[in-house]
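What Swiss-Prot records for this protein:
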{"type": "BINDING", "residues": "26-33, 158-161, 213-215", "note": "GTP binding site"}
{"type": "DOMAIN", "residues": "17-346", "note": "domain 'tr-type G'"}
{"type": "MOD_RES", "residues": "H699", "note": "diphthamide"}
Amino acid sequence: MVAFTIEQIRDLMDKVANVRNMSVIAHVDHGKSTLTDSLVQRAGIISAGKAGEARFMDTRKDEQERGITIKSTAISLYASMDDDDVKEIKQKTDGNSFLINLIDSPGHVDFSSEVTAALRVTDGALVVVDTVEGVCVQTETVLRQALGERIKPVLVVNKVDRALLELQVSKEDLYQTFARTVESVNVIISTYVDPALGDAQVYPDKGTVAFGSGLHGWAFTVRQFALRYSKKFGVDRAKMMERLWGDSFFNPKTKKWTNKDKDADGKPLERAFNMFVLDPIFRLFAAIMNFKKDEIPTLLEKLEINLKNEEKELEGKALLKVVMRKFLPAADALLEMIVLHLPSPVTAQAYRAETLYEGPSDDEFCTAIRNCDPKADLMLYVSKMVPTSDKGRFYAFGRVFAGTVKAGQKIRIQGPNYTPGKKEDLFLKSIQRTVLMMGRNTEAIDDCPAGNIVGLVGVDQFLLKSGTITTNEAAHNMKVMKFSVSPVVEVAVEVKNANDLPKLVEGLKRLSKSDPCVKTYMSESGEHIVAGTGELHLEICLSDLQNDHAGIPLRISDPVVAYRETIQAESSMVALSKSPNKHNRIYVKAQPIDEEVSLDIENGIINPRDDFKARARILADKHGWDVAEARKIWCFGPDGNGPNLVVDQTKAVQYLNEIKDSVVAAFQWATKEGPIFGENVRSVRVNILDVTLHADAIHRGGGQIIPTMRRVTYASMLLAEPAIQEPVFLVEIQCPENAIGGIYSVLNKKRGQVVSEEQRPGTPLFTVKAYLPVNESFGFSGDLRQATGGQAFPQLVFDHWAVLSGDVTDPTSKPGIIAKAKRERQGLKPEVPGYEEYYDKL
């Protein structure tokens, strides 16, 4: 039990080589918070009896009630290692005390934006996987996010007690299950890994995989067993480690190692991992769970486990817990992995600097980040806001990448749209206090050097969700985080009592601060809209809004899905519009963009800020565009970065460049609110074929060109088989065989399509993957539990946009009904307009 003081932690912060910033990531319900407990308990914050049940990191009331993690929480732990262990660390260290900043993150798909925020400020990740369920959809999503941020993973195979007690597997089966899990994690890692990370795969024989049970509080790595045996038999530990995993067998008769599973007489040999590692565990389990009172003491003596008198009275699971905790304490295995194999900020920032910093990679700030230099100018990234106990105020939670942050220091707060040399999105303020985040509490500290995680007081009014804090005006921003989910479900909120309106507006501001992925805006009809990533996320946001941020009763509409407008063919004829003064004409045609190009734009592979030559190269090589056309992309829309393009295909038009700005502005407007029902437009390319302009500049100003360009964009889209795209979830359901029928019937009712169904080897569970339209997903998990008697648990994650079949202009078709309902809600004419409304005859 290490009782440590804040001063000790503060001293360790200066030895950056001994700091480890890591987050715990996994699929929902694989036991992240439970595992974190054993680490927190080791640091002496909760009692050993509580560990595994306390879920110390679930700080909110609704987290405790639902038993899920919603927000990521941070805590600092202190660990000291033996000198032998420290020698094995492959990087520079200083002494044998270590400071571990640990962030427990949510596993639920709806909150994966919280995970992104946690990953940005850490360098290593503890990936937790359930032995029985194996690698699931969310494991893959978070691992992909982590590797994209250049974060090094180590693996924990959790819930081993389930395999032993529920499934009663044999030793060889268990080894195969472990091997399969490790292999599937490595497949994901090798698919998404960044070459700068080097080999990021995990290997049990190198000590980067731990096996254990968070609930019972025990875990082990192959390295720990190798240590035991090397002391006992006097063999070299490194050799022993290699032999304890994979195809190596020990022949007790000849005392020789072989890699064949039979000896000379053809008798089967036992795998070394089973014999030396699993056997003692299996024996303990068997003796204790079958109440063999006489065998237990001899076993305990052999394994050098000493029980107190009152502990000897226990039996069954209670005894098992105590014994396993003494035999293989989880904290030892996890701390050893974290300290030995995860990088320190000094190591990590050397290869993460260019992915973190937006400016040139050779300027002084990037160099300071690369060297993790505490004496340079301050560079601090705020990744999220944490609400304080005092209503309406937030701690800014982030990491110092260079320099030192002090209380009272004068700083520049740069929002995500800031560019050096301009004044927008920039505040000059001073920091009131710096604090250390400790799970449910905070501790004040005077300053915090580079490489550490910190909370700041007094900057929350000037940042929306994330941003960069510096002390030098030449510094660029740190890169903005990319979220793997997008807000697709929205509701309108209104107050029950008109006097409360200002409170609602204030509450919405606070809500959008406290959650990295919620979107709040005001629609044209004056409604306040809150958009979230899914049903659960929205539910949590609204309960926060009602109880914390606004603190007033609200009326909440039914959830509505955000659609996109698109086209399915080229315009059937050239669309033409004339300006209000009849002196200018624009001729255009619309054509659909391939889904692959749209995805590349949305994922930032094709970027409006790239050099146009580089962009044309990608479009030509990867997507087969004509190079001349690809170079003439005028703009992306909406918001200057959406998946719609204006391409200039005109020949020798006079004054063309003068109207470019007006055309771009009009296109942003037209794609933000499409012609069908005022939703965002997606995958539309507008080709400008010809423009006739008035010779006199005053007759071709913005007031003439902007409305014309917008009308002609609408006309060209309505001439090109307009359609609606709806968002589609990928659903993954794990269930026993007898529940599959129920799943299919629910999916059929809700327009779902099953993509795959497979059995997990070695378990009775099936995994069903299906596509489910977001529109149909409300109440889906409730219906599913009813149909399967509560045995199926769905995971929904936004996957893609799919075109709704049917004619939009026909008011009886499915898209027609949706368009009509939306238009009525917005107070427009209920019919979708024909192209004649925007098309002008010559």
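These residue numbers are counts, starting from 1, taken along the chain as shown.
Cβ atoms here come from the backbone N, Cα and C positions, even for glycine.
Put plainly, the binding-site residues A26, V160, L215 were compared by Cβ crowding within 10 Å, and the winner is A26.
Averaged over the domain 'tr-type G' (17-346), the predicted model reaches a pLDDT of 79.
Among the binding-site residues listed (A26, H30, N158, V160, S213), A26 has its Cα nearest to the Cα of H699 (diphthamide).
With all protein chains in the displayed structure included, the most crowded Cβ environment within 10 Å among the recorded positions H30, H699 is that of H30. The secondary structure of V160 (GTP binding site), as reduced to three states from DSSP, is helical. Sequence-distant neighbours of N158 (GTP binding site) (same chain, 6+ residues apart, CB-CB distance under 8 A): A26, H30, G31, T34, L35, V128, V129, D130, T131, G212, S213, G214. In three-state terms derived from DSSP, H699 (diphthamide) belongs to a helical segment.
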